[in-house]
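Taken straight from Swiss-Prot:
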ACT_SITE  E126  active site, proton acceptor
DOMAIN    132-375  domain 'Radical SAM core'
DISULFID  C139-C378  disulfide bond
BINDING   C146, C150, C153  [4Fe-4S] cluster binding site
BINDING   G204, E205, S236, S258, L259, H260, N335  S-adenosyl-L-methionine binding site
ACT_SITE  C378  active site, S-methylcysteine intermediate
Amino acid sequence: MATTAGLRDAAAPLEKIPLETYVPPAKPSLIGLSRAELAARLGDIGVPERQQKMRVQQLWHWLYFRGARSFDEMTSVSKDTRNGLAERFTVDRPEVVAEQISNDGTRKWLLRLPSGDDLQKAHEVECVYIPETDRGTLCVSSQVGCTLNCAFCHTGTQRLVRNLTAGEIVGQIMVARDRLNDWADRETPHGNRLITNIVMMGMGEPLYNFEAVRDALLIVSDNEGIGISRRRITLSTSGVVPNIKRAGEEIGVMLAISLHAVRDELRNELVPLNRKYPIAELLQACRDYPGASNARRITFEYVMLKGVNDSLDDARLLVKLLKGIPAKINLIPFNPWPGSAYECSDWEQIEKFSEYVFNAGYSSPVRTPRGRDILAACGQLKSETEKLSARERQALRAMAMTD
């Protein structure tokens, strides 16, 4: 089965071209704008320059600390300013079209993005919340579809429609906080925030949407708003080498590499981008990543595929390749999806692989499979929902709005 996939992917292009560009609505949302951009919008509605810094701070607080969903909620902002903003702008986030809750507490949302082009279909992305005993992780998307064609990834089977804007990326986090009632001024169980970590591991390749991802993560990590530490934000890439160093310099978050193979021949099949940026170049970029240290280790993600990349020889070569890189290895049991050409490694083999890597001095946790009962493979909820009739989709949407 893997051989068939390899033949198919060998002929596939390394990267897809976006089918569309973003068209803003007539009344765009202020979410995702920098402080300088917010000041400019305030100037557009006649707020004097001497007041703009104060008004920006007020807006920032209401948007990202309190999670305001309308200008009317912003009671510390003058009524004239609120009215002026409401005439030209919104604070809308993506709309929840479907919500699924797993038996293990994992939540998955299908989010519809507003568009300013009546001729374009409204597009949808996925966002997943994974609660654990010591943290709550939100998995965020960066593209509608994906630039890449990774053989084992469900999103890789979808078209690349377009890049998300910074506002659409930040909006996913705000929707999750809305649904979980997790804003800073609200009570949560045990007094702790539910969303403590962000991972850019949803739909899309973040480093092929660099500027929007950078701008979004700088907003998310701002301690006067959403306030999630950069050490609790992880950006995952399949290996867009030219932008890895740039990510360290301009964003400064934790780095994860979707490695999945230790030989170029196999990685060319699993992650076709490897034909452009082979393993040696990728690992050198990791060695050069600004700020990497034992306290800020780079995570190497390794999906366990039965009979493909899970031998002890693979484990030995993995350890050899990572020598000198402050690293941990995240072993991921393959999450099957309809039509996939691979199977998950046997659990005994996963444990042997993990034990070898651990004994070589690397942390090698096996990621616990989560949300398998709710189409949790990345991109699968979107694909399955697209198959529904208009009436079925409307029913799903109504359920999501009333939950």
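Note that Cβ sites are derived from N, Cα and C of the backbone, with glycine treated the same way.
Cβ neighbours within 10 Å of L259 (S-adenosyl-L-methionine binding site), excluding its own Cβ and spanning all shown chains: 28. Of the listed recorded positions, namely E126, E205, the sparsest CB environment within 10 A is found at E126.
Each residue contributes its Cα atom, and for H260 (S-adenosyl-L-methionine binding site) and C153 ([4Fe-4S] cluster binding site) these two points are 11 Å apart. With all protein chains in the displayed structure included, the most crowded Cβ environment within 10 Å among the binding-site residues C146, C150 is that of C146. Nearest to E205 (S-adenosyl-L-methionine binding site) in space, judged by Cα atoms and limited to the binding-site residues C146, C150, C153, is C146.
Annotation: S258 carries the greatest number of neighbouring Cβ atoms among the binding-site residues S236, S258, N335 [cut-off 10 Å, Cβ to Cβ]. Between N335 (S-adenosyl-L-methionine binding site) and C146 ([4Fe-4S] cluster binding site), the C-alpha separation comes to 18 Å. For E126 (active site, proton acceptor) paired with C139 (disulfide bond), the C-alpha to C-alpha distance reads 9 Å. Nearest by CA distance to C139 (disulfide bond), out of the binding-site residues C146, C150, C153, G204, S258, is G204. Note: the Cα of G204 (S-adenosyl-L-methionine binding site) and the Cα of C153 ([4Fe-4S] cluster binding site) are spaced 11 Å from each other. Between the C-alpha atoms of S258 (S-adenosyl-L-methionine binding site) and C153 ([4Fe-4S] cluster binding site), the distance comes to 11 Å. DSSP assigns E126 (active site, proton acceptor) to a strand in the three-state reduction. Note: the CA-CA distance between S236 (S-adenosyl-L-methionine binding site) and C146 ([4Fe-4S] cluster binding site) rounds to 13 Å.
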